[in-house]
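The next block holds one structure in the form of structure tokens; read it before the comments.
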There are 2 protein chains.
Amino acid sequence: MAHQITRDDCRARDADDPLARLRERFDLPQGVIYLDGNSLGARPRAALERAQQVVAQEWGQGLIRSWNTAGWFALPGRLGDRIAPLIGARDGEVVVTDTTSLNLFKALAGALAMQEQRDPARRVIVTERSNFPTDIYMAEGLTRWLDRGWRLHLVDNPDELDEAVNSDCAVLMLTHVNYRTGYQHDMAAVTALAHQHGALALWDLAHSAGAVPVDLHAAQADFAVGCTYKYLNGGPGAPAFIWVPQQHQAAFAHPLSGWWGHARPFDMAPAFSPADGIVRALCGTQPVLSLALVECGLEIFEETSMQALRTKSLALTDLFIELVESRCGGHPLGLVTPREHARRGSQVSFTHPHGFGVMQSLIERGVIGDYREPHIMRFGFTPLYTSYADVWDAVEQLRDILDRGDYRIDAERGAVT
Amino acid sequence: MAHQITRDDCRARDADDPLARLRERFDLPQGVIYLDGNSLGARPRAALERAQQVVAQEWGQGLIRSWNTAGWFALPGRLGDRIAPLIGARDGEVVVTDTTSLNLFKALAGALAMQEQRDPARRVIVTERSNFPTDIYMAEGLTRWLDRGWRLHLVDNPDELDEAVNSDCAVLMLTHVNYRTGYQHDMAAVTALAHQHGALALWDLAHSAGAVPVDLHAAQADFAVGCTYKYLNGGPGAPAFIWVPQQHQAAFAHPLSGWWGHARPFDMAPAFSPADGIVRALCGTQPVLSLALVECGLEIFEETSMQALRTKSLALTDLFIELVESRCGGHPLGLVTPREHARRGSQVSFTHPHGFGVMQSLIERGVIGDYREPHIMRFGFTPLYTSYADVWDAVEQLRDILDRGDYRIDAERGAVT
């Protein structure tokens, strides 16, 4: 680089940033640079008042009547319709409910059942060994219990998909952006590969929804699930979402047939009959308070666009990579995240032989990222509330820690999804 | 009766009621007599402050760190340990997680797997046609998808259990207190019947936990699930609980194998290995805010005992039955709930040919019960916050509505679990 970037340059970019005003929508702790919104998004300011309203008014005063009067029944679909534009889905195709793990279970079960009808010889589910583990565990649980010869085929890197997706493949199940590396699949191309071989494509958008532009319909994806408490800022453990496109809804079936997925739940009939549309993806009664707060995060997305967010996200991750490489150059850091924009999510991961200890020191200094085995320091960039100066300051702390060797090499490990 | 009960008698009983002080722990709307705590419990006053704390401090300020520093990881087990004494369970046997429907799915799957090991010829799950429908739906979903010859046998009344529970029966799956009639099974006797024939007993405590004394260990029950948002006052749709006694835990397996049930979740290993103990009943990330508020309801139970609550509950339901029968005697009301104390839960149900319309009128007048097909008006009595004068006043409204014919006979229907 001819010109070495300074903190003032970063501040100048913040001054010009059309998204900078959105930081005010969040309550962030003083003295913290939060680079872990890919694990748990920050709190929208509106969430506190909304929580009070749900607890004091809707629950306390409305009591059971609030199922109708406060719109609790409509919440899973109403929130789903607000997520839809962020992921290229349509109205009536998404519900917010249960957990990502459970929604993956439902979507995979539905996909397997569709394939069993179409072409029962296909018995392989292809995924990546580096997929988020719970996705693999849920697929394992489902297939082991079905006990009808379904097999999981785990590829070690995306290049192997070409060979693994063949005429035995029933479902290609991938996480769009890898939780550890930040690698982003080409959803349209990979889905086309699946379809070319007769497989269905199921996408986990946990690290994509609200992080990168997603267009499920343009990619012709078959099923998708995702998380609301990461980039969508829905609150700790807030219910997840499931997308079933309209053309698959009539055929969509899954084993978790609870009352809320019933065609006529209040007839109290002793036999299950699935509701029309996406409602059949619902199962039991949902945690209303956690569910309601998801809306506060989604409202903020309506003040901008995924394209604007993506532009800033790439600028932030480019800046971070550039500053780490230029300012911490003498240290054994290895960039894990793709440099290629199209293959990058909204995070940057670096390895360091003492990555866990270094991350602990960063956190003690108020720079909150997280750590993932093996040796990976993970930094999430959330354009809604991360500034260019934050990036500078975070790298400056990292540089200082590394230069001083100010980290423990024997720190105890622990981490959170 | 020699002496006709008066409102003053009811007030006198309230003045003598040692539990009356607990009403202050709840925020109830002015002008409402709430007899639907069997559907959605009232709001503990403490819940508002706790919600603010979780949203503003734990989420907003603690962010991702709160998984450890605010004890989010420990919540499912900590809450489970607080429910344990209410249901005759022990520490380390209960977790609060997911929904009742999903926990039933896990428990039933676990019970079927145990029986498949012990005695694979047993292929029948016995339950009641009048069981809460979602329990039947979940069993239907599980067995249809397993597709290995499991059959549901639905009995039409408890007397048929003696014949239905035979050497073909793998699992007897019952709701302890019927949601519609308030009929309470003799848990110990029915469990003994199951065991005598080699079956396992799975109990749904949705209308029992916090409503009637339950002693799962004394009854030698095998599995149980239950709800926190009814009599336990945990908040709308708050996560449910599952109980697996220590002696079954090592053998307990279910298909919903998510990250939180893994032995070493942060190793991020690509193969599932179940955690020891009740933790293996967990699956995905839980809705922390809804989960945390469950504690506010449970704290109130620690100020009294299930025996004291049961004594008042029976007094309230006896009084309600007596007043309805004496004061509304000329109207076509039919008592559905057993008069026998041992067979009665904490609710009273009456049929009326226009039950739906009558209930709508009651609700309009501030007496909130609910309606269940066919023709059943359901009144739940929650000794923590229901007074004897409430019972009088509720019956007085009912009498006035019936005497005046002040109800619509064509009202549109709808109801909530």
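Cβ from N, Cα, C; glycine included.
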Candidate from B:Trp59, B:Trp259, B:Trp392 that TrEMBL assigns to the same pyridoxal 5'-phosphate site as B:Thr100, B:Ser101, B:Phe132, B:Pro133, B:Thr134, B:Asp135, B:Thr175, B:Asp204, B:His207, B:Tyr229, B:Thr285: B:Trp259
CB contacts for B:His207 (pyridoxal 5'-phosphate binding site) [other CB atoms within 10 A, all chains]: 28
Three-state secondary structure, B:Lys230 (N6-(pyridoxal phosphate)lysine) (per DSSP): coil
Recorded positions among B:Thr100, B:Thr175, B:His207, B:Lys230, B:Trp259 whose Cβ lies under 8 Å from any chain A Cβ: B:Thr100, B:Trp259
Separation of alpha carbons, B:Lys230 (N6-(pyridoxal phosphate)lysine) and B:Thr175 (pyridoxal 5'-phosphate binding site) (Å): 14
Structural state of B:Trp259 (pyridoxal 5'-phosphate binding site), classified by DSSP into three states: helix
CB contacts for B:Thr175 (pyridoxal 5'-phosphate binding site) [other CB atoms within 10 A, all chains]: 28
Residue from B:Thr100, B:Phe132, B:Trp259 whose C-alpha is spatially nearest that of B:Lys230 (N6-(pyridoxal phosphate)lysine), among the binding-site residues: B:Thr100
